[in-house]
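Worksheet for the structure shown next.
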Amino acid sequence: MDDNKKKALAAALGQIERQFGKGAVMRMGDHDRQAIPAISTGSLGLDIALGIGGLPKGRIVEIYGPESSGKTTLTLSVIAQAQKAGATCAFVDAEHALDPEYAGKLGVNVDDLLVSQPDTGEQALEITDMLVRSNAVDVIIVDSVAALVPKAEIEGEMGDMHVGLQARLMSQALRKITGNIKNANCLVIFINQIRMKIGVMFGSPETTTGGNALKFYASVRLDIRRTGAVKEGDEVVGSETRVKIVKNKVAPPFRQAEFQILYGKGIYLNGEIIDLGVLHGFLEKSGAWYSYQGNKIGQGKANSAKFLQDNPEIGNALEKQIREKLLTASPDVKANPVKETEDDMADADI
């Protein structure tokens, strides 16, 4: 750059700083790059698949899936992990369906959890914005986008048509709160439901509610599905769950993680530690026996997981070793790598 351009740029930067404040424009090389802070999801495999060890702070995240797929359970697990780290969390319960007893079983400190059950979608999003701007809340869950009913729809007759009203509400709200979320370094998670598009011949007929704005503003989008049942004898005690990362602005997308959700207990973390420990050589498996550093810890996965539960120092050490290996490794290392297909690209457009 010649001297005249340098002088012109310096004058422009000086004027911008005087008018808009210091830091309004800066060179990226002037400051050290810092890793994006993350909050664990409570699932080791999902944290690894996300690439940064959890969900990114200061960003919007969307979690969507069919009914009873584990959406609320996953978000309550995020709250439990955040509270363990001393964070303040809020739950905007637009569905009016939050069960404090169930949340407590998943490790949530319900006494410290901020809960709102708004009457309208406008009220829910205004409360969310005010909590973000307080700079005092670290995690906010909005459950769910489909339940953010515009005031005009609530006050109108049952059969009235309100085309695009909810989509416009979401678009306006997200424009308003996105910058505040970044400044407050707050993680905002929107839970969303799935609807079917009529007349789709090719590609996925599934779509999410609330228009397209959330798809653009979300830094991470998670598609969560129930893939099977966990049984003890004939009794169903949990569900096999698969989470696919269909959008990720902070790490490579299209990774996936599989884990179990046990009813009344939440994500089966110790089971994940056993599986990933064997896969990456931290645990030895001989027949049905599992060993750690030459010492047998249990016969069968269930007994070995119970050993880790009874000996949390060993479980924590194993989890730390797995995280250090997989989260500091090259981008090619994945929790559950999947080959990108046309269906994946269709999912990304949901």
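For all residues, glycine too, the Cβ spot is worked out from N, Cα and C.
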Segment assigned the feature region 'Disordered' in Swiss-Prot (from 21-42, 109-130, 307-328, 329-350): 329-350
Any further residue of that chain within 8 Å (Cβ to the Cβ centroid of Gly65, Pro66, Glu67, Ser68, Ser69, Gly70, Lys71, Thr72) of the recorded ATP site: Ile224, Arg226
Fewest other Cβ within 10 angstroms of its own Cβ, chosen from the binding-site residues Ser68, Ser69, Thr72: Ser68
Structural state of Lys71 (ATP binding site), classified by DSSP into three states: helix
